[in-house]
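Colleague: In case it's useful when we look at the structure, here is the feature table from TrEMBL:
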TRANSMEM  117-137  transmembrane segment
TRANSMEM  201-219  transmembrane segment
TRANSMEM  231-249  transmembrane segment
TRANSMEM  269-292  transmembrane segment
TRANSMEM  313-333  transmembrane segment
TRANSMEM  406-429  transmembrane segment
TRANSMEM  435-455  transmembrane segment
Amino acid sequence: MLESRLISIFRNHKKALNQISSSSSIFSTGSSSSLSRVSPFLKPSRFFHSKSTNVPSACISSRNPIIYNGFTSFLKYHKGFQPSIRKFSTAAATVCKENKEGLKFLVTAGPHAQKAIGIWLFVSAAWVFSMVVLGGVTRLTRSGLSMTDWKFTGSLPPLSEEDWLIEFEKYKQSPEFKRINKGMHMDDFKFIYWMEYAHRMWGRALGIMFVLPFGYFLRKGYITPQLGVRLSGLVALGAGQGLIGWWMVKSGLEEPTSEYSEPRVSPYRLAAHLTSAFVIYCGLFWTALSVVMPEPPTESVAWVNGAAKVKRLAIPISILVGVTAISGAFVAGNDAGRAFNTFPKMGDTWIPDDIFSMKPLMRNFFENTSTVQLDHRILASATLVSIGGLWWATKKLDIHPAVRSLIGSTLGMAALQVTLGISTLLSYVPVSLGSAHQAGALTLLTLMILLNHTVRRPSPSLLKSLPLVART
């Protein structure tokens with residue numbers, strides 16, 4: 001009896017069933033051509049995948065006019081099938097839940113918490129970026145050794161003339177004052193003191209700005225254990241960064257081994273301080289991206305495969321970018337930027353004669369001014385060529401437009417960074433160009449992080465919902 005009733009309904013409402021059948025065939029095949037035959041105005045990416053939720057669009061089928069109109073017509077002529085529609089809705093909700101559970105989110109409590117934590121992490125990363133730039137300005141203005149003591153919690157600056165005289169007397173005992181700044185006046189000392197004081201207090205302010213929201217989000221239960229462990233590690237690195245900074249400054253307050261040497265911080269400790277800052281920045285930026293973009297941008301299996309090929313090239317190039325940036329720390333630590341202020345040759349030769357003059361041999365790569373600058377030139381050139389090769393190798397790859405655009409931006413930034421480096425060298429390292437060059441290094445590293453994050457492999461749930469080829 002029920003079968004006869006169904007047959008009668010299907011015959012009377014053939015139009016509605018045809019619409020439902022058409023839309024069902026599209027779901028089963030995932031074919032963009034089938035979709036275009038039904039409606040040229042519907043994008044396959046919108047149909048098969050919801051960008052806002054990373055869930056197949058079966059979960060939002062009520063927004064699809066084909067399905068919606070089909071079921072509406074069906075219900076209009078036969079209200080007896082409403083329980084079946086409820087079952088369909090329940091099944092769709094189950095699919096949504098499974099897809100959401102298939103992806104490991106770093107933040108709980110929904111989009112509001114995700115947005116709040118993402119903004120907090122991006123602001124923290126930008127703060128670290130400004131710290132790196134301010135540290136470069138402090139070094140280039142020779143302000144880093146103006147404060148001869150250090151407290152973890154910090155202290156108030158000199159508030160009276162008597163306090164300034166006390167601080168100035170401490171500085172007069174340092175090797176830098178005795179050998180370089182012996183004729184310095186109080187006004188000049190105040191300038192370098194304020195530069196170093198601002199750098200230190202800016203770092204402490206970052207610590208407070210990071211820890212307080214972290215505690216709040218933990219208390220609200222917004223942060224998953226995985227994210228909590230990662231952020232706790234970054235907090236520990238941040239606290240250690242202050243200790244590394246003082247360890248570095250302390251090396252510049254010691255008497256140089258030779259009476260002809262200028263007092264300056266150890267290049268090894270400067271490199272450790274800069275590397276630590278870069279690691280903290282990269283960790284914050286990567287984590288922020290993972291919070292706000294748990295899935296990479298992709299709309300087809302072909303684009304996923306293209307991204308995998310880009311990733312194989314992007315990872316070693318990212319390592320090269322990082323090594324080049326750290327080699328710049330040794331250039332700064334040895335004051336090598338003020339030697340061989342010519343390009344492309346180093347003076348009158350391509351390779352100086354004294355690049356292996358120190359014993360043991362390895363010391364030359366970290367302490368020899370000629371070798372350190374030559375290394376940095378070679379690494380910078382290799383970085384530019386490698387990124388250019390990445391751009392060329394991906395020209396004919398089938399990849400997401402966002403990935404292609406990002407590769408082009410990275411190549412442009414690499415060319416700008418090399419130009420800044422050459423200009424800084426030829427201009428004898430002015431503060432403005434030197435600071436811009438250091439900021440450029442971190443900007444280039446930022447683009448490489450973003451590229452690596454964008455070409456990640458999507459989750460299995462998203463991968464299953466993608467069509468083979470994206471519709472252009």
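Just so you know, glycine gets a Cβ as well, placed from its N, Cα and C.
A quick note: this is a predicted structure, and the numbers were derived from the prediction, not measured.
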Colleague: Do any residues of this chain, six or more beyond the ends of the transmembrane segment (313-333), have a C-beta under 8 angstroms from a C-beta of it, and if so which?
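Modeller: Contacts of the transmembrane segment (313-333) (Cβ under 8 Å, skipping residues fewer than 6 from its ends): 139, 264-271, 273-275, 278, 366, 372-373, 375-376, 379-380, 382-383, 386-387, 389-390, 393-394, 437-438, 441-442, 444-445, 448-449, 451-452, 455.
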Colleague: Short question: which residues 6 or more past the ends of the transmembrane segment (269-292) have a Cβ under 8 Å from it?
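Modeller: Residues 106-107, 114-115, 117-118, 121-122, 124-125, 128-129, 131-132, 135, 139, 227, 230-231, 233-234, 237-238, 240-241, 244-245, 247-248, 251, 322, 325-326, 329-330, 332-333, 442, 445-446, 449-450, 453 contact the transmembrane segment (269-292) from elsewhere in the chain.
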Colleague: For the transmembrane segment (435-455), I need the partner stretch with the highest count of C-beta pairs below 8 angstroms, choosing only from 117-137, 201-219, 231-249.
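Modeller: Out of the listed stretches, 117-137 contacts the transmembrane segment (435-455) most.
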